[in-house]
Amino acid sequence: MPSLAYPVPTDLSPATVKNTASLFRIVTLALISGAAIASRLFSIINFESVIHEFDPWFNYRATRVLASKGFYEFWNWFDPTAWYPLGRVVGGTVYPGLMATSGVIYYLLQALNLPVDIRNICVLLAPGFSAFTAWATYMFTKEMKDESAGLLAAAFIGIAPGYISRSVAGSYDNEAIAIFLLMFTFYLWIKALKLGSALYGTIAAVFYFYMVAAWGGYVFITNMIPVHALVLIFMGRFSHRLYVAYCSWYAIGTLSSMQVPFVGFQPVSTSEHMGALGVFGLLQLVAFANLVRSHVSSQNFQKLLRIAVVAIGALGASAFVFLTYTGKIAPWTGRFYSLWDTGYAKKYIPIIASVSEHQPTAWPSFFMDLQMLMFLFPAGVILCFRELRDEHLFVIIYAVLSSYFAGVMVRLMLTLTPVVCVSAAIALSSLLDVYLNPVEPDEEQDAVAQPAKSGPADAAPSTASSKSTSSTRGIFGIDTRLVVVFNTLWMLSFFVFHCTYVTSTAYSSPSVVLASQGQDGSQHIIDDFREAYYWLRQNTEEDAVVMSWWDYGYQIAGMADRPTLVDNNTWNNTHIATVGKAMSSSEENAYPILRKHDVEYVLVIFGGLIGYSGDDINKFLWMVRIAQGVWPDEIQESNYFTPRGEYRVDENASKTMKESLMYKMSYYRFADLFGGNQAVDRVRNQHAPKNIELGLPRRGVHVRKLDRPYLPSQERGHARAGSEERERL
Amino acid sequence: MKSLFYFLALCLGLAYAQKIGQKELIERAAAGNGVIALDAETFDALTSQKRTWSATIQFTALAANRGCMPCKQFDPAFNSVAKAWSTVSADKRELHFFATLDFDKAPTVFQKLGLASAPVVFAYPATEGPRKTGRTAPTKYDFQDGFDAAPLAQHLSKLTPIPIPYRDPIDWAKHIMTAGAIIGSGILLRAVAPILLTRWTWAFAGVILSLVMTSGYMFTRIRHSPYTGKDGSWIAGGFTNQYGQEVHVIAFVYGLLGLAFIMLTVVVPMQTSAAKQRMQIYLWTAVIMIIYSVLVSLFRVKNRAYPYRLFI
């Protein structure tokens, strides 16, 4: 009978303990789901049930089409108002998973006679799926360690800001359901690998298909699973379980993923997917070699076989290279290539480089999003190395790859978060296992056994030895247990406070509606975006084309319901560059461009009065850069800087800058607001220019109509008389 | 009749002057290895209002007392592009010129053009003849892709009658170094194979990689952040900014905290003496509390609005 540090009841039957633990697990998971959903509702409570940001507006609009006209209409939907005058084939250029999911929920609720508005389904889809994500993470971590680690991981991912940032209520984007699918596909893969089960492999393939239909980030799974399989092969851990799991996943997953129109034949024709195909081929070779080896005993033949396998492998690899070279296989697309060659995007695809979520990540963002998980994460990876079962390799590879990706791009923090939660949960749960175990080691007996070991630090390398002696190892005393457990509890509760704070302050702003704090702490809601779009909706003809920078395209289409030149689906660089050129040219040069595109309204966001730093003047250099990429002779970035290389908007601004349409529209009559005093741009902290002859300044947002008979020569006389002004202040 | 004669003579004279101008420019270019060394007078000739040729002019200050390091960096690249152009067949070559104007030779030109910094590259299009574009003003080459020759050649090829046949010189030293490194690492690999095959080598490498990446290493690489601030401070203010040294500090802090947890989980339970074990537990718990507090206070430096603080 070992000595115990604290008394435990002994009169309970094992069945009672088991049932109680199971009940606790269910209740805990339910509570975690509740916490995950609740912490994502800050945005509704602080603002209202509204769709956030930019892309969600398109998804919402598409979902409305799906809900009102049915799936078939949605599939064939051609949208003539986007990318005017080109139009957009929406059904074939969209990942339909998200819209289909909310459409199914909508029809289901209708069938149950629950008339829920489609908007509320869209707004609440992400919080709902976060509960599923917590459950999927629980299942995944359970395969790595045990149920208690699973519960910790579920709690972590439920409230970690790194995941909340993309899944608050109203953030109706592909990521809302994609992280659940990612984790669940990984869980099924691990399960299939462990059991060698074709059934689990097939279910993994089905969820992989769902993931492909839902998010472009499915490529992460497409490469993650093959890398795992490849490492297993190289480590000599090839098994028939691996063969069955991989082949069933790959064959069914690839065939089904090709059913998504937007993906089409990419799985067999682009470099991103070639890794998976290559590993599939390699597995066949290795399996065949193993089969032959088990039947033939001759040493020489085995040598020959090995050479043959290597030769065929090399031949296959060179065939890939050849096909890529001749163009049969498309090379890595710029988006993925820029992950490896980090200077590539800025040089060749400024549209990708210009997006704020594609910027590299500084360390405060990591700490903000994951806090203490950040340093539990390496500890968990070490513990995975300690056991190093097949599934632990998956976590290790995932950890290393995704920490690199998250460092390169802020938005990929989202793929890092699950593995950090899993790994940190393994570390913390291992710690608690040791310190909550009531069994005390026997001091004398250990002292005798100890000399056999050279030292405690070297004991880690072999799991077998640590396991065989684990019964004699442990913690002495009760105070030591308490100090560690209380320290852990204290850290966990600090984590909860941190997550709540970050979620409520940083990640719950819809960015369509802004909030600012007054001097006395009172909150002001700045709703200028929606008012401007609403103004367009009310005061313009239905077919009036609105030109704006591409950021606002989806919102104009969603809220104002007007045709736009460019939007957030940045598929046509030339068209975007045309808008950039119009914005950065002088009025004389911009006007013909506007006329050619039937533009009647130009929308410019200006934040100089209230200090909203995400306005168009701050984005202006990207417009110039993108325009320069297409018209290097006409638009040149250096012309927009002062001779000393500064980006200024005051009287010292360069001539080209002062003449540009964007500049004029932004500062037109801005100085009037200050009633004779020196006008100050509060974003750039510079004096604003006076006497600008075009553009309508308002608090935050201006909408300006270009009158139809507007000609450059008439500019002075007609600029104000012929324009419709929107007065508000 | 007489006036007509004068007129004809004038026309001929003008044409003649123009001819001489281009001829002389061709000669000077040939003499200067493809680059014309300009002064104020030849600058006016080269950029005359009526030119059937186009030109690329580098405005620079190469004199040692000017101390213009970028000028010295860029000059070889410009010359090698010009040299590549001089290999083009004569009929095309004579339609585009490369020239260098040093500040000390013609400060007046710099003043006239309002140039306050160097190096600057202007590309003058042809204003007459079959290649005229309708524009007379020069375009400026921005050094967005650095001072390398290849992007310059690529940019200027839009202006020249045929693309500039510039190729980066083959860097033999680099190739030999790479080959040597591959062979060397191959030999080394055989020697250290036993180390490579232990899992702890990989664990160490993987964890170090994760730590460095999550401490913002890629940020400093992509944004070219300095190692420390100009005033010697090692931590940059601002949430989305950081110096190179912060990577080391934060990676070390994360690593130390992770180590403390590994110690508590794996190593401390192995301890056979109760007293020693108790001491270790208190020690590592204290390390966690203190270092964690330091980490939070560092975070408060970056994010001033952060409301929480621990013991520090």
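Just so you know, glycine gets a Cβ as well, placed from its N, Cα and C.
Curation plays no part in TrEMBL annotations; they are all automatic predictions.
Residues annotated as compositional bias 'Low complexity' in TrEMBL: A:459-472. Residues annotated as compositional bias 'Basic and acidic residues' in TrEMBL: A:715-729. Summarising the annotation, TrEMBL assigns domain 'STT3/PglB/AglB core' to A:543-602. For A:445-472, A:707-729, the entry in TrEMBL reads region 'Disordered'. According to TrEMBL, the transmembrane segment annotation covers A:23-45, A:89-109, A:121-141, A:147-164, A:176-192, A:242-262, A:274-292, A:304-325, A:366-385, A:392-410, A:482-503.
Computed over the domain 'STT3/PglB/AglB core' (A:543-602), the whole-number mean pLDDT of the model equals 86. For the transmembrane segment (A:176-192), the neighbouring stretch richest in Cβ pairs under 8 Å, chosen from A:89-109, A:121-141, A:147-164, A:366-385, is A:121-141. With a threshold of 8 Å between CB atoms, the same-chain residues lying at least 6 positions outside the transmembrane segment (A:89-109) that come near it are 59, 62-63, 66-67, 71, 74-79, 82, 115-116, 118, 121-122, 125, 172-174, 176-178, 210-216, 260-262, 569, 571.
Remark: the transmembrane segment (A:366-385) contacts the transmembrane segment (A:147-164), by the rule of 3 or more CB pairs under 8 A.
Segment contact holds for the transmembrane segment (A:147-164) and the transmembrane segment (A:23-45), given three or more CB pairs below 8 angstroms at sequence separation of 6 or more. Residues 39-40, 42, 159-161, 164, 168, 368-369, 371-373, 428, 431-432, 435-436 of the same chain sit 6 or more residues outside the transmembrane segment (A:482-503) yet have a Cβ under 8 Å from a Cβ within it. Counting residues of the domain 'STT3/PglB/AglB core' (A:543-602) by DSSP class, helix then strand then coil, yields 33 helix, 9 strand, 18 coil.
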